[in-house]
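Engineer: Structure in structure tokens, see below.
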Amino acid sequence: MARVLLLSLVFLAILLPALAACPQNCHCHGDLQHVICDKVGLQKIPKVSETTKLLNLQRNNFPVLAANSFRTVPNLVSLHLQHCNIREVAAGAFRGLKQLIYLYLSHNDIRVLRAGAFDDLTELTYLYLDHNKVSELPRGLLSPLVNLFILQLNNNKIRELRAGAFQGAKDLRWLYLSENALTSLHPGSLDDVENLAKFHLDRNQLSSYPSAALSKLRVVEELKLSHNPLKSIPDNAFQSFGRYLETLWLDNTNLEKFSDAAFAGVTTLKHVHLENNRLNQLPSTFPFDNLETLTLTNNPWKCTCQLRGLRRWLEAKTSRPDATCSSPAKFKGQRIRDTDALRSCKSPTKRSKKAGRH
């Protein structure tokens with residue numbers, strides 16, 4: 001009996017290390033807590049120790065992530081699946097990963113994200129889905145991600161955002177949707193992420209400013225709309241988050257005009273990019289008070305007294321944007337900061353309250 005017990009113990013001593021061994025051709029560190037299988041020709045998810053916290057499977061070949069693909073590694077905190085030729089992520093693919101914080105799915109061929117794909121990822125904070133072929137976000141897809149902070153969806157093929165697209169992701173703060181095929185943001189599409197602080201929408205196909213969708217946002221500090229075919233910015237465009245907005249990109253949009261009250265409620269703006277557009281004026285309400293940088297080049301500026309606010313701001317700055325007048329003709333080519341066109345302009349007088357309407 002004692003001999004049988006001894007043999008059993010010896011067998012277990014041999015078997016257990018084998019079960020928890022580092023996968024072939026991989027590198028493991030920290031008592032198998034970090035497993036690195038970068039570009040080793042894998043075609044299925046390897047078996048690793050259940051104590052593994054970081055699993056790097058970059059540059060392998062997993063066309064479909066089936067349900068329960070990672071059920072044996074419940075303690076994962078960081079999962080790297082970049083460049084793995086993934087086409088589809090099935091419902092329940094990450095089931096059981098209740099401690100996962102970082103998920104990298106960048107640079108794949110993902111076209112389909114099934115509803116339920118992110119089930120159980122209640123601690124996920126950083127999700128990278130950039131450089132794929134995702135064309136839509138099914139309603140409820142992100143519902144389990146109650147702690148999501150950063151979502152990178154840039155360089156995909158998303159055409160529109162519908163109501164409920166971000167349902168459940170109430171803590172999302174940074175959202176990147178650059179270089180998609182967006183033509184519209186439907187009203188209600190951003191209602192669930194009103195706490196966004198950084199929102200990048202550059203290099204899409206937005207032909208009009210999405211006022212209704214953006215009006216639900218409350219604390220946007222950085223908004224990027226560069227390289228969209230926008231022609232005008234309407235009244236109250238930034239009002240819902242005007243007390244927080246610090247950086248605004250509107251360069252390379254073919255922008256022709258701002259409505260007079262486009263910047264209503266904007267009080268903290270510090271950096272504005274307006275280069276390579278078709279602007280000839282700025283609205284009289286443009287918020288210069290806290291402005292630190294302003295790029296203006298390659299616009300057909302009309303150097304009349306409507307630019308007096310810009311002139312005053314330029315005179316107070318040591319580093320000045322190098323923009324030039326296009327008209328009137330006698331001032332064409334002169335730098336806005338040097339031209340005589342604005343020297344005689346007087347500040348507008350405030351209308352007496354008695355003269356106002358009653």
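Glycine is no exception: its Cβ is also placed from the backbone N, Cα and C atoms.
So Swiss-Prot lists these for the protein:
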DOMAIN    21-50  domain 'LRRNT'
REPEAT    99-120  repeat 'LRR 3'
REPEAT    123-144  repeat 'LRR 4'
REPEAT    147-168  repeat 'LRR 5'
REPEAT    268-289  repeat 'LRR 10'
REGION    321-358  region 'Disordered'
COMPBIAS  348-358  compositional bias 'Basic residues'
Engineer: May I have the DSSP-based helix, strand and coil counts for the residues of the domain 'LRRNT' (21-50)?
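Structural biologist: With helix first, then strand, then coil, the domain 'LRRNT' (21-50) has 0 helix, 6 strand, 24 coil.
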Engineer: Please list the DSSP helix, strand and coil residue counts for the repeat 'LRR 10' (268-289).
Structural biologist: 0 helix, 3 strand, 19 coil
Engineer: With DSSP, how much of the repeat 'LRR 3' (99-120) is helix, how much strand and how much coil, in residues?
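Structural biologist: With helix first, then strand, then coil, the repeat 'LRR 3' (99-120) has 0 helix, 5 strand, 17 coil.
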